[in-house]
């Protein structure tokens, strides 16, 4: 997250860190949507990944953090068909149901789409500097606004006329998602409205 601040430790009980199983390296984020499923981006598909729930600082292992092995990943269609603006969505089923605790709880799924101009938050352990990659130990949060899709379409000429992607950000720039935050949630009014796919 560029231009954000450290998230409050109580602010993200649904935020999941995805690690590569072998190198135990953090590479993506996800959102716990119930005791058995984590919602993330299709680009975060890895052969063997471990989902870590209830983690705040990557440096200090809290007793509350629980590592869960993934049982199966379900992508929207043949995983090869996702693009930066379509079907970049995946569900990871946990091998065993996660016990809800203060540090790990599910995010409410959105009942209705967020209106343009609504304020939402993005969060994750992605890089916090643009010139070089600087991964923080604790997740960063940033407030951004929802926009009409046409606003993003004007900014990124490659976007198709119709898309299932949401458009969000800050028009004056300076606040954005960045490398390593993919798969993390877009939260509006405490509900998950989207999944971070890419920032520009």
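Note that Cβ sites are derived from N, Cα and C of the backbone, with glycine treated the same way.
What Swiss-Prot records for this protein:
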ACT_SITE  88  active site, charge relay system
ACT_SITE  182  active site, charge relay system
DOMAIN    1-200  domain 'Peptidase S1'
SITE      182  site 'Forms a covalent bond with the inhibitor PMSF'
Would you identify the secondary structure of residue 88 (active site, charge relay system) according to DSSP, in three states? coil
Can you grab the distance from residue 88 (active site, charge relay system) over to residue 182 (active site, charge relay system)? Cα atoms, rounded to a whole Å. 10
Using DSSP, would you call residue 182 (active site, charge relay system) helix, strand or coil? coil
